[in-house]
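Some notes on the structure that comes next.
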Amino acid sequence: MSKADSNSRQGSYKANSINTQDSRMRRHEVTIELRKSKKEDQMFKRRNINDEDLTSPLKELNGQSPVQLSVDEIVAAMNSEDQERQFLGMQSARKMLSRERNPPIDLMIGHGIVPICIRFLQNTNNSMLQFEAAWALTNIASGTSDQTRCVIEHNAVPHFVALLQSKSMNLAEQAVWALGNIAGDGAAARDIVIHHNVIDGILPLINNETPLSFLRNIVWLMSNLCRNKNPSPPFDQVKRLLPVLSQLLLSQDIQVLADACWALSYVTDDDNTKIQAVVDSDAVPRLVKLLQMDEPSIIVPALRSVGNIVTGTDQQTDVVIASGGLPRLGLLLQHNKSNIVKEAAWTVSNITAGNQKQIQAVIQAGIFQQLRTVLEKGDFKAQKEAAWAVTNTTTSGTPEQIVDLIEKYKILKPFIDLLDTKDPRTIKVVQTGLSNLFALAEKLGGTENLCLMVEEMGGLDKLETLQQHENEEVYKKAYAIIDTYFSNGDDEAEQELAPQEVNGALEFNATQPKAPEGGYTF
């Protein structure tokens, strides 16, 4: 969304409101904030700890009680010519690295374990030894970037990719796990994995017979292959995953669904070409359907994907609308998790930055009632996004649509109340929305009515207070609104305040208009 002009729905803003560059910056900043929150929702690295009761895909193979060896004894055994001692040393190393707390990864690396493990990976005559070595390296690669780099620099990646074709499913699965940890370390490590043809290796592994635990690991690896920017992954490779990821959205497994959605959220967090590739994979109706799930671990990445898609072209946004996205977004605006409400409001704000037909679809879906509730009592981060949705509508909507915001959906009061926030960016968004409303009222001959409404709702007092704001843009915008619409000049004000003769008696404020029955409207 920060890559090119076409990446922002906000680019459709009119020149008299928020400028295009500012809105692109806003989309970029919001996406950065959302991307940071992913760390709470998805693990990029996973350690295979030594616990029989866990639902991890790989279990102890021999059921033997562990033999306690020192690190020096482990290394000596691994370097032995005796195959049984090699296996005992390798297994002991793996178990030490599989401790739930404080595994001695650096200690093992310092004792030269990694190159020995790499050598064992290539021992095709002993799949048990290969498996133990792969497991140990998986856990080393689950550590810090330096620890992962050690595994990469000893040329483990091509050996793991080769093991994807192993006849031992346990060994192939452990190789997938190791590659997932390596790819999850960052863009550079990810690209090393991709350039060793990992996609050629994993696609044949997915079929109707693939065990669920194995499938989960494969999809998690796929999500890490799609993740990270600066640079983004090579799209000529990643796009090969899209038909499979789209098909995986039909899975019944929560973990498979979640990781498939995360993968698509990473792909769509880019330019319109990549968004279109996801649209072409028929993923959108499936993503939209997943928005009605009860499981937040699925809703969050599915919503992120849909939110990214509506930052694309009008046609791409139309696919979301045609797939029934708006009613589901309306429900998510009422969700009990504030981060889901925030992202639903962010998604709606991008749709209202589109064309008038799309804004009408938002109106007809009843979403502005939900936005009003968010503005009134939602979490502040969600309120910010709701404010953008309103301001975008005042920018791009028809006069009838904008009037509906005020008269039908009663948005004005909670919208104005956000002028009290401490966040200058949000204040400016509300000020821009108000400026747009006044510009329309002027065209419709309703400026006086709108002024009275804003004043009755406390808006004038808030704007006057903002004239003392430390942010220059904020106080200049506040001054401009007051000066243009609320200031009639001193002479006129004095004339209004002077007593006038009415029916032979002096009255003050004799010329002040009386409020019409039913209140003020445009």
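Numbering starts at 1 and runs along the chain as displayed.
Yeah, the Cβs are placed from backbone N, Cα and C, and that goes for glycine too.
As the structure is a computational prediction, the values presented were derived from the model and not from experiment.
As annotated in Swiss-Prot, phosphoserine applies, among SER6, SER12, SER37, to SER12.
For the residues SER17, SER98, SER142, SER338, the entry in Swiss-Prot flags phosphoserine at a single position: SER17. Looking at SER56, SER232, Swiss-Prot tags one of them with phosphoserine, and that residue is SER56. Sequence-distant contacts of the repeat 'ARM 7' (318-359), counting only residues of its own chain at least 6 positions beyond either end whose CB sits under 8 Å from a CB of the stretch, comprise 9-10, 12-13, 23, 27, 30, 34, 37, 279, 284-285, 288-289, 291-292, 296, 299-300, 303-304, 306-307, 309-311, 365-367, 370-371, 373-374, 378-379, 381-382, 385-386, 388-390, 392-393, 395-398, 401. Long-range contacts of the repeat 'ARM 8' (360-400) within the same chain, counting only residues at least 6 positions beyond its ends with a Cβ under 8 Å from a Cβ of the stretch, are 10, 12-14, 17-18, 26, 30, 321, 326-327, 329-330, 333-334, 338-339, 341-343, 345-346, 348-349, 351-354, 408-411, 414-415, 417-418, 421, 423, 425-426, 429-430, 432-433, 436-437, 440, 443-444.
Residue counts for the repeat 'ARM 8' (360-400) under DSSP, split into helix (H, G, I), strand (E, B) and coil, are 35 helix, 0 strand, 6 coil.
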